[in-house]
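As recorded in Swiss-Prot, the features of this protein are as follows:
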type: DISULFID; residues: 58-82; note: disulfide bond
type: DISULFID; residues: 68-87; note: disulfide bond
type: DISULFID; residues: 72-89; note: disulfide bond
type: DOMAIN; residues: 55-95; note: domain 'BetaSPN-type CS-alpha/beta'
type: SIGNAL; residues: 1-19; note: signal peptide
């Protein structure tokens, strides 16, 4: 039960971080309070950091909200491609 509660809290914090309702530092402090400063806490903080700096919602090479493509169309007129969590204009995946 405790593991399920921890996972639920973590997913809630990820949702809050990706919506930018709170800043990354406050969410990482909550992770320290709930999970602690151990290996699992470090992993959780790394995931929150990766999602918080994800500006165009690219997840695993997929443009979830089409914001990468929209950004690239406005900026350079080229198609936007997600490379992991980064958006690159006019550079398709080579694999």
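Every residue gets a Cβ built from N, Cα and C, even glycine.
Structural mapping of features recorded in Swiss-Prot.
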| residue | record | CB count, 10 Å |
| --- | --- | --- |
| 58 | disulfide bond | 22 |
| 68 | disulfide bond | 24 |
| 72 | disulfide bond | 21 |
| 82 | disulfide bond | 21 |
| 87 | disulfide bond | 23 |
| 89 | disulfide bond | 17 |
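According to DSSP, residue 89 (disulfide bond) is assigned to a strand segment. Residue counts of the domain 'BetaSPN-type CS-alpha/beta' (55-95) by helix, strand and coil are 9 helix, 12 strand, 20 coil (DSSP-based). The separation of residue 89 (disulfide bond) from residue 82 (disulfide bond), Cα to Cα, is 9 Å.
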